[in-house]
Amino acid sequence: MLRYLLQRGASSLFALLIITVIVFSLSQLSGSPVDALLPDDATQEQIDIFIREWGLDQPLWKQYLTFLGNAVQGDFGVSLKWPGESAMGFVLDRMPATLRLGGLAILITLIIALPLGIAAAVYKGSAIDRIAQGFALLGQSMPNFWLGIVLIWIFSVWLGWLPTSGIGSFAHLILPAIAIAWFQISALARLTRSAMLEVLDAEYIKLARVKGVSEWAVVFKHALRNAAVVPLTYFGILAASILTGSVVIESVYSYPGMGWVAIEAIRGRDFPVVQAVIIAYAVIYMLSNLLVDLLYVIVNPRIKHG
Amino acid sequence: MNTSQTDALLDVRNLKVEVTTKAGSFFPVNDHSFSVKSGETLGIVGESGSGKSMTAMSLMRLLPKHAAKIRGGSVKLDGRELLTLSEKEMRKVRGADISMILQDPQTSLNPAFTVGDQIKEALKLHAPGGRKTLRERTIDALRRVKVAAPEHRVNSYPGEMSGGMRQRVVGAIAISCRPKVIIADEPTTSLDVTVQAQYLRLLKELQDETGMAILFITHDFGIVANLCHRVIVMYAGRIVESGPVAKIFAKPAHPYTEALISAVPSLHGQKERLTTIPGQPPAPTDIVVGCPFAPRCQYADARCHSEAPPTVAADQSGDHTTSCWRAVEA
């Protein structure tokens with residue numbers, strides 16, 4: 001089991017390395033930093049000094065290694081848009097806000113989607129199943145920024161129950177969390193339903209009933225244990241895409257999290273911050289996938305032997 | 001035919017199961033009556049779709065929830081009516097008094113649990129005990145189905161075992177609570193021939209040991225000859241013939257039984273083409289007038305096509321019955 005986890009960890013690190021290469025190349029593609037950093041009327045001499053100071057005269061691979069070396073220490077340089085802030089420091093500063101929002105969205109998703117998907121499978125064809133299907137269709141066909149605006153219109157403008165935007169109290173989290181969770185609930189409920197349906201048809205479910213096992217244990221012990229792999233796999237993608245995908249919703253609600261920072265940094269061509277955000281997102285992705293790998297082992301003990 | 005009722009362990013009378021589909025509803029189990037005594041093996045023979053497995057699942061009361069319903073009749077185990085039990089009471093019967101061996105060992109064990117856990121689960125439900133006793137009884141169940149090194153095997157996952165071994169485990173689950181009746185639904189169909197023979201021998205030994213009754217569902221008359229004391233032959237949801245195996249082999253009373261027996265390939269004698277029964281059984285939703293086998297029957301006359309034959313004695317003894325106009329006339 002340890003070997004399995006080490007393997008997963010190593011391949012995650014490798015993926016992270018590839019991402020740094022991509023991030024580095026992207027910044028090369030977007031033009032010389034000379035244009036971005038120096039004023040238009042800089043003299044040739046100033047430019048030469050700048051190039052030497054920043055190591056821009058070095059071969060690309062050497063520049064990359066320098067970048068990587070600094071990145072490993074969390075140093076992505078200073079922000080251009082927010083003077084005086086270190087790029088990664090600025091991103092990390094905004095991270096808790098995003099984790100809070102994403103965490104709530106994940107919680108809402110799990111609490112609604114899993115029971116809904118299981119119930120829809122167990123009571124296939126019943127009213128609950130049809131409601132779940134309708135909900136899934138609605139959820140997956142509504143873009144989340146649109147839903148976000150509609151929610152603001154109903155609950156903030158019309159009913160006046162919740163704040164329209166910003167950050168501060170728990171109330172500020174509710175609308176954006178729902179807007180993020182909505183789509184994910186549909187996706188996860190559908191996946192859970194189909195995985196459960198497939199498993200509930202299996203012969204070993206029949207055998208469990210033949211043994212005299214109660215229907216509750218048949219569903220939650222025998223079926224769920226086997227069906228869980230599918231929603232669990234999706235959960236890795238879900239957690240990561242909720243945490244990183246809040247970019248749009250954070251903009252809609254002017255919620256100053258990492259997503260908002262990303263948008264602002266891109267708008268301001270603030271490369272150090274953009275790079276820091278991308279790497280931070282990548283690390284979140286890896287960690288949530290590693291967590292899923294760990295959960296796999298718990299749900300499905302056979303992996304231990306593999 | 002009523003003589004056996006008093007000492008019958010499992011007694012099924014006029015059992016009727018209705019299945020409702022979009023194409024219409026039909027009776028895959030149509031007025032079944034049969035019984036089985038302790039220590040006896042009853043073969044239930046028929047083609048796929050003849051209602052064999054439906055019969056088995058209705059005895060367990062595990063028919064597909066919405067599609068199938070028991071519409072009448074009685075199932076008595078040791079004199080106790082099963083059809084009127086509550087679901088909770090019925091759960092106590094399943095696995096404890098009646099258990100079942102399913103067809104395909106590749107899929108009938110849960111891949112996420114060790115075989116030990118799966119045997120233990122049945123024991124825990126019906127004969128609870130301490131951790132250590134449960135483990136001992138689990139190992140004992142594996143030992144009884146002749147799994148080698150059962151102390152180690154309890155910790156294996158089904159994926160680590162061969163098909164024959166897994167079917168032994170399924171057998172161990174079935175016998176673990178010492179049931180009075182075991183329903184074996186084509187338990188050897190997916191096993192190799194040699195493994196098949198071993199498994200049948202094992203079932204026989206277990207029966208001798210415990211005196212349990214076995215309902216053996218199969219389409220193979222060869223196995224019936226080997227294993228069963230009595231046999232019922234099913235066709236299109238009806239029992240067309242029933243009686244002691246020796247009598248039925250010696251003198252089949254129904255043309256369908258006759259055709260089935262002659263379809264069993266023989267190891268001895270001339271090599272000839274395998275015999276088949278021409279035609280096909282009626283589709284479940286077809287409305288059958290007369291004898292359902294008539295369209296395929298070489299002896300059928302006008303009455304066979306227009307009027308359903310009654311169940312009558314095939315000889316004087318009364319333990320051999322059939323539903324055929326030829327027997328009525330004889």
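From the backbone N, Cα and C atoms, a Cβ is placed for every residue, glycine too.
For reference, TrEMBL has these:
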TRANSMEM  A:12-30  transmembrane segment
DOMAIN    A:95-296  domain 'ABC transmembrane type-1'
TRANSMEM  A:101-123  transmembrane segment
TRANSMEM  A:144-161  transmembrane segment
TRANSMEM  A:167-189  transmembrane segment
TRANSMEM  A:232-253  transmembrane segment
TRANSMEM  A:273-299  transmembrane segment
Quiz item: Taking the transmembrane segment (A:12-30) as the reference, which of A:101-123, A:144-161, A:167-189, A:232-253, A:273-299 gives the largest number of Cβ pairs under 8 angstroms?
Solution: A:273-299
Quiz prompt | Cβ-Cβ under 8 Å with the transmembrane segment (A:232-253): same-chain residues at least 6 beyond its ends | solution = 98-99, 101-102, 105-106, 109, 144-145, 148-149, 152, 164-166, 172, 175-176, 179-181, 184, 187-188, 191, 259-260, 262-263, 281, 284-285, 288-289, 291-292, 295-296, 299
Self-check item: Same-chain residue ranges lying at least 6 outside the transmembrane segment (A:101-123) that approach it to Cβ under 8 Å
Solution: 129, 132-133, 135, 173-174, 176-178, 180-181, 184-194, 196-197, 200, 219, 224, 231, 238-239, 242-243, 246, 249-250, 255, 257
